[in-house]
Amino acid sequence: MSLPWSFPEPLRVLLALGLYLQLAGVCFIVDGSRYATITNITLFAPALVALVFFRQSWPPFNKAAFGVLLALCAWVAFVAVFNEGSVGKPWRWLRLLLYVGLYVVAIGLVMQSETLWRALLLSVVSTAAVFAWLSLFQALFIDNRGFGFREFRLDSWAGHEMADFENPIVSALYFGVIAIMALCLSLREKGGLKLLSILAFIGASAYCYFTYSRGVWVGLLAAVMTCLAVSLTARQFRLLLWGFLPLTLAGLFLLGTAGGIDASYRDEIFWQWWSRIGTFWLWGAGAGGDPNICIEGIQRCFNQAHSLYLQIFYEYGIPGLLLLLVLIAALLLAGWRHRSGQNFAPLGLALMVFVIVVSVANYYVIFLRPGVFWIVFWLPAAILLCEGAGSGRSEVR
C-alpha cells in the first residue's frame, strides 16, 4: 500500500530525531534496553511507516550496490533458517535484516533534505565531541592518569555512567567515526560551524589516540587521507601528502621503539581460525556462530575472530564473504563516481575506508542490534547507497 500524497515533513523530522538519538545516544543513554526502546520508537517505527505507506517517496538507491545488499541479506536469512549451527531463532535474524532495510530507508529520507541532514550531522558531532573532551579532561587533568604511552586506555568518562563504552576498542571505533564526520564537515562548513567541526575533530582524534587501538589509528589515518584526497585539489593534496609523510614515518618509528608494534595474539587467533577452515568454508558454521578460540599462553578464550572478514567467512561461508566484499566494492565505486559536487559521497567514502581497515583486526560483526558496531558499517553503507544513485536523487528543500 502506498499513499498518494507527498512524504510528510514532520515524519522526516522524527526520523532525523531518531537518527540523532541512535548515533549520539550511545553517549548519554546509559541503559542498553532503554536505548533500544528509544531507537525503536523514534527511528525504526517511523521508518516502518515510511516503508509501508510512502513507497513513492523512497529515496533512489544505487542499483548495483542495492542488489548486492539484497543478495547478502538473502544469504544471511537462508543460513539463519537452514543452518543448524545458527544461534537463536530464525525470526531474530529476520528482524535484524528488517532493521537494516529500515535504517537505509530512514537515512535516505533524511538525506533528501540537505538542511536537515547537515543539522543532524552537526548535532551528532557536537554532542559526541563534548563527551570526548570531558573524558579527556577527566582522565588527563583530574585523575592524572598520565600522558605516557599505554599508561592507560581511555574507554569512558571516568566516574560517570554516561559515555562509558566499557572497552577501549569500542570507544575508539565510535570516536573514529565521529572524527571522520567532523573532518568532512569542516571541509564543507564556514565560519563558526567550521571551527566547531575542527574542535570536534581534534577532540575525537585525541580520544582515539588515548585508546591505543592501533588498528583504529591506521583506519582513521586512511579515512582522513581519503576525505582530503576527494575534497582538495590535486596540488593541495600532493603538498599535504609530502608534509604528512615524514610525520607518519616518525610516528611509526616512535611506535616501534615504544614496543607498540605487535599482533596482540591476533596471529594465534587467525592461525586457529585457519586450522578449522575445512569445517565451515562452504556452508558456514551458522549465523552468530562462536569459533571459541582459546590461547593457552594467556588462559583465555575468544568468541569471535577479531576480524569482520574472518568472522563473516566463519558464520556464512565463502558465499557470505564474497557477497560482503562485492557489496563494499560496489559502495566504494558508487561513491567514487559521485564524489564531486556538494554531496556527502566523500563522507561515505571516508567512513567506508575506515571500515575496510578496522575490519582486518578490530571490528568483526555487522548483523546485530543497533549500537556502536552497527553505526560503524551501516552508516557509511546507507550514505553511499543513497549518494551513489547520482544526480537523480530527489531533494527536499
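Keep in mind that glycine also has a Cβ here, set from the backbone N, Cα and C atoms.
Annotated domain 'O-antigen ligase-related' per TrEMBL: 200-325, in sequence order.
Look at TrEMBL and you will find 35-54 (among others) tagged as transmembrane segment.
Counting same-chain residues at least six beyond the ends of the transmembrane segment (61-81), those with a Cβ under 8 angstroms from any Cβ of the stretch are 90, 92-94, 97, 100-101, 104, 108, 283-284, 286-287, 315-317, 319-320, 323-324, 326-327, 330-331, 333-334, 367, 381, 384-386, 388-390. The annotation transmembrane segment is assigned in TrEMBL to 61-81 (among others).
The annotation transmembrane segment is assigned in TrEMBL to 93-112 (among others).
Positions annotated as transmembrane segment by TrEMBL: 119-142 (among others).
Listed by sequence, the residues of this chain that lie at least six past the ends of the transmembrane segment (169-186) yet keep a Cβ under 8 A from its Cβ atoms are 26, 118, 121-122, 124-125, 128-129, 132, 154-156, 193-194, 197-198, 200-201, 204-205, 207-208, 211, 213, 216, 219-220, 223-224, 227, 231, 344, 346-347, 350-351, 354, 358, 362-363, 372-373, 375-376, 379. Taken from TrEMBL, the feature transmembrane segment covers 169-186 (among others).
Sequence annotations record features per position, and here TrEMBL assigns transmembrane segment to 193-210 (among others). When Cβ-Cβ distances below 8 Å are used as the criterion, the transmembrane segment (193-210) is approached by residues 122, 125-126, 128-129, 132-133, 135-136, 139, 152-154, 171-172, 175-176, 178-179, 182-183, 185-186, 216-217, 220 of the same chain, each at least six residues removed from its ends.
TrEMBL lists 216-232 (among others) with the feature transmembrane segment. Within the chain, the transmembrane segment (216-232) has long-range Cβ neighbours (under 8 A, six or more residues past its boundaries) at 169, 172-173, 176, 179-180, 183-184, 187, 205, 208-209, 240-241, 244, 248, 336, 339, 345-347, 349-351, 353-358, 362.
Annotated transmembrane segment per TrEMBL: 239-261 (among others), in sequence order.
Long-range contacts of the transmembrane segment (316-335) within the same chain: residues 62, 64-65, 68-69, 71-72, 75-76, 79, 280-284, 287, 308-309, 345-346, 348-349, 352-353, 355-356, 380-381, 383-385, 387-389, each at least 6 residues beyond the stretch ends and with a Cβ under 8 Å from a Cβ of the stretch. Residues annotated as transmembrane segment in TrEMBL: 316-335 (among others).
Under 8 Å from some Cβ of the transmembrane segment (347-366) lie the Cβ atoms of residues 121, 169, 172-173, 176-177, 180-181, 183-184, 213, 215-216, 218-220, 222-224, 226-227, 230, 266, 304-312, 328, 331-332, 335-336, 339, 373-374, 376-381, 383-384, 387-388, all in the same chain and six or more residues away from its ends. The transmembrane segment annotation in TrEMBL covers 347-366 (among others).
Among the features that TrEMBL reports, transmembrane segment is placed at 372-390 (among others).
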Review point. Are there residues at least 6 beyond the ends of the transmembrane segment (93-112) whose Cβ is under 8 Å from a Cβ of it, and what are they?
Key: 7, 12, 15-16, 18-19, 43-44, 46-48, 50-51, 57-59, 61, 69, 73, 76-77, 80-81, 86, 120, 287-288, 344, 367-370, 374, 378-379, 381-383, 385-387, 393-396
Review point. Between 0 and 100, where does the mean pLDDT of the domain 'O-antigen ligase-related' (200-325) sit?
Key: 86
